[in-house]
Amino acid sequence: MTSHRNGSTGVSDFLLNCFVKSPTWQLWLSLPLSLLFLLAMGANATLLITIRLEASLHEPMYYLLSLLSLLDMVLCLTVIPKVLAIFWFDLRSISFVACFVQMYIMNCFLAMESCTFMVMAYDRYVAICHPLRYPSIITNRFIAKVAIFVLARNALLTMSVPILSARLHYCGRNVIENCICANMSVSRLSCDDVTINRLLQFAGGWTLLGSDLILIFLSYTLILRAVLRFKSEGAVVKALSTCGSHFILILFFSTILLVFVLTHVAKKKVSPDVPVLLNVLHHVIPAALNPIVYGVRTQEIKQGIQRLLKKGW
């Protein structure tokens, strides 16, 4: 298919070519990806409704969890429906504007999610290391300020990459070897030098996600040090249980991201389709598992869901 011309860019739409080396992956991925998408949307919607309707869950910790669920749902809706449209109906075309809007939302909301995990780690640090001061530090006003900070920091600092990519000159090729409009996959189609674009992507990613992960690690190190000082075995178990759900969510988020980065580093040794697959899965697996982990491990949420189901029946 020939590229459509546009006076300023040379290309008015792109074609997403998901798995260049392994096209049959689309067949066996379509059903499980659909189920994961439905699970992610249903579980997060249930969690949001439960927290909204249950007065006992109107606490800062659950507001942070609501924010995480909203971010997960937006990321899923930005990526997975288009991927499924490619898998099921071969609708590979995406407009020039839609491609860069998708790129911006993915970069922005991924950074927002990382920032939210960092705040959740701080919340657990205050709860365990300074329990008496927790009600005065982690307040609804604090959560409102956090939400504004998460939105403003990431909306502004992730804007430069898609803007710079959109300003490149795309003179002919329009086939993106990816399921989504990832910055590096799109910018390599440009006829211009993309060195600055790559450096900006690298610097921005490590500055935002790297700083968040360092602060998360620091928070849990301080939590672990405080827990080991507890004399009561019951207090240790309770403290670790309280942090368990948060830690599992962070593992979901960071493990897939780490594997994705490593496969890019070792791209000569692995199929180019593997990073593409991991990039897609990173937008749906954590979103599907996060609310389930909280629903299973948090007694208050579990009881809230049960009460809502009884009212529904």
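Just so you know, the numbers here start at 1 and follow the chain as drawn.
Glycine too: its Cβ is placed from the backbone N, Cα and C atoms.
According to TrEMBL, the transmembrane segment annotation covers 25-49, 61-88, 94-121, 142-164, 206-228, 240-262, 274-296. Residues or ranges marked as domain 'G-protein coupled receptors family 1 profile' in TrEMBL: 43-294.
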Checklist entry - Along the domain 'G-protein coupled receptors family 1 profile' (43-294), what average pLDDT does this model show? => result 88
Checklist entry - Do the transmembrane segment (61-88) and the transmembrane segment (206-228) come together with 3 or more C-beta pairs under 8 Å, pairs six or more apart in sequence? => result no
